[in-house]
Amino acid sequence: METVRSAPPGDGAAEALLKELERQVQDVVRASSWWERHGVDCAILALSLLALPAGFLCLRAHNILAFATGITILGVCHYTLTVKGSHLATHSALTESKRWSKILMIFFLEVCTAFSAEFAKFNHVNLHHVYTNVVGLGDSSTWKVPLLNRYVYMFLGPLLVPIITPLVALEHLRKEEPRTALRTLGFICLGLYSQYWLFMNVSGFKNPSSALACMLLTRSLLAHPYLHVNIFQHIGLPMFSPDKKPRRIHMMTLGVLNLPRQLVLDWAFGHSLISCHVEHHLFPWLSDHMCLKVKPLVSKFLHEKQLPYNEDSYLARFQLFLSRYEEFMVHVPPITELVGVQ
């Protein structure tokens with residue numbers, strides 16, 4: 001068991017700190033326009049949808065540069081819709097309407113991502129966010145595959161994500177109500193077949209195997225950073241016992257890490273998954289743009305209150321995981337106990 005010796009504030013002080021930070025963030029949100037709160041991210045998602053025809057048409061050209069451009073457009077747009085769009089929709093961060101939030105969640109998760117909306121929301125919002133880095137609940141253990149060695153997992157494993165995603169969804173459908181399962185299955189099939197149809201009829205592929213290969217290629221374009229980001233920002237940080245989990249502000253500041261800004265990943269994954277992950281875990285209802293806007297405030301507040309604000313580079317985390325792969329991804333993590341908090 002690991003012990004944090006410099007004890008953070010106790011329960012009462014922790015609640016007061018969180019309320020003070022929430023008040024400051026709410027003041028920023030109230031002073032922000034609709035464009036800042038939702039419009040910027042909605043515009044990015046809309047542009048990604050509008051760019052899809054150009055990507056499919058580029059693949060018609062018998063030119064390697066045009067083909068590469070088409071694959072890049074389709075790949076980046078795919079991840080923008082399936083990662084950024086799905087993530088924001090799951091947190092109802094794209095609109096304040098409950099009805100539209102539900103519609104957008106189904107569209108981005110089931111049609112675009114080929115995954116179950118209900119299953120994703122339960123695992124991400126109800127488990128991962130509520131029990132961040134709590135062993136057996138929100139500890140990101142679903143990303144661990146102990147059977148794979150470090151090189152296979154870090155370099156080849158990501159290529160399996162587009163194949164595994166719909167298979168996991170189909171496996172889960174057996175536990176859903178028949179009506180929900182049929183809806184999810186229908187939308188997953190619609191999304192996959194629509195992309196296949198577009199490759200065959202708009203891009204002009206002559207045989208199904210070529211279309212399927214391009215589907216896999218575009219869905220794998222950013223699979224490596226997608227997998228890496230999901231493990232870098234939680235695994236290797238303090239883990240907590242379910243019966244001794246710390247107060248929320250300690251859980252989120254100790255167990256979450258920000259990566260530096262990176263143009264492509266910021267666009268495709270969103271600020272809340274890259275450079276503002278701490279802010280996102282503290283305020284999951286904020287859009288990507290709002291997470292970026294409150295980042296200086298949150299960083300300053302946590303530093304002033306002598307609370308952790310974890311930051312590291314992508315390369316540093318990559319090297320760390322390669323060198324300590326068994327410790328992080330195979331063995332049971334040590335439990336961190338905060339002295340003076342529980």
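Note: Cβ is positioned from N, Cα and C throughout, glycine not excepted.
Noted in Swiss-Prot for the protein shown:
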- 87-91: motif 'Histidine box-1' (MOTIF)
- 124-128: motif 'Histidine box-2' (MOTIF)
- 277-281: motif 'Histidine box-3' (MOTIF)
- 39-59: transmembrane segment (TRANSMEM)
- 63-83: transmembrane segment (TRANSMEM)
- 100-120: transmembrane segment (TRANSMEM)
- 151-171: transmembrane segment (TRANSMEM)
- 185-205: transmembrane segment (TRANSMEM)
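Taken together, the residues of the motif 'Histidine box-2' (124-128) have an average pLDDT of 95.
A contact between the transmembrane segment (100-120) and the transmembrane segment (185-205) is present, since 3 or more of their C-beta pairs, 6 or more residues apart, lie under 8 Å. Outside the motif 'Histidine box-2' (124-128) by six or more residues, the chain places 87, 90-91, 137-138, 140, 284 with a CB less than 8 A from a CB of the stretch.
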